[in-house]
Amino acid sequence: MTVSLHDADRLLAAAEAAADVAGCVIRPFFRMGVAADDKSDESPVTIADRTAERAMRAVLAERLPEHAVLGEEFGLERDGGRYCWVIDPVDGTRAFLTGRPIFGTLIALLEDGVPVLGVIDQPVTGERWIGVRGRPTRYESRHEPRWGGVPGTRRCGAIGLAELSCTSPEMIAGAPTPHWAALSRQVKRVTWGGDCYAYGLLALGQIDVIAECTMKIWDWAALVPVVEGAGGRVTDWHGQALHAGSDGTVLAV
């Protein structure tokens with residue numbers, strides 16, 4: 001991140017404020033049987049998604065009116081500068097709808113199309129991962145203080161010992177290359193489900209590899225600073241760093 005330390009702290013405060021307000025909106029809807037509409041890509045959306053995104057946009061507009069904002073539900077606002085916030089109020093709406101607290105709120109800041117700040121917030125469990133380029137990732141847990149502080153990915157001595165995670169088999173059904181099949185045959189175990197929460201677990205050293213595809217920028221932008229600040233690496237399936245023009249494949253280790 002090329003901004004000053006003071007500015008980095010100001011940007012991080014804005015991101016955390018947006019996460020806080022999203023959590024206040026989302027929690028009352030959790031396990032309350034909210035209805036869902038299907039979007040054009042057949043993914044579900046709820047009143048929690050839409051209301052939380054509006055609240056997040058309001059926080060960012062008040063604090064950083066010069067920055068662009070791109071959100072999953074309402075698109076791009078104020079385009080044109082070097083900085084763009086990328087937000088997903090409920091990453092993992094299917095998990096949210098079925099009462100599983102493995103969804104999360106994602107907030108990222110792009111600098112010239114590259115993620116430099118990311119927040120993964122789980123508003124029900126009270127967990128938050130905060131990543132800023134050039135700094136160690138910070139993990140906060142309301143219910144597990146022993147985990148608080150600076151997390152770290154774990155060393156895996158061999159691919160045959162690795163725990164591999166992916167959100168769903170349907171995602172991989174359209175995989176553009178044979179990489180997934182080759183990888184999944186070699187690892188110790190494949191676990192399905194997790195959405196953004198899986199990347200938080202990778203940053204805590206609980207998962208070794210995540211391989212996914214058909215990802216939109218709001219699905220992955222916040223994950224990059226979190227994982228890399230914990231000692232990991234996030235690329236596309238060709239080993240290239242992720243940026244605004246990436247192809248939607250994601251490999252995190």
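Every residue gets a Cβ built from N, Cα and C, even glycine.
Curation does not apply to TrEMBL; its annotations are automatic.
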Per TrEMBL, member of D7, D208, D219 binding Mg(2+) alongside E72, D88, D91: D219
Secondary structure of E72 (Mg(2+) binding site) (DSSP, helix/strand/coil): coil
Packing count at D91 (Mg(2+) binding site) (other Cβ atoms within 10 Å of its Cβ): 28
Candidates E72, D88, D219: member of the binding-site residues with the richest Cβ shell (10 Å): D88
Listed in sequence order, residues not in E72, D88, D91, D219 with Cβ within 8 Å of the centre of the Mg(2+) site Cβ atoms: I87, P89, V90, L106, C196, K216, W218
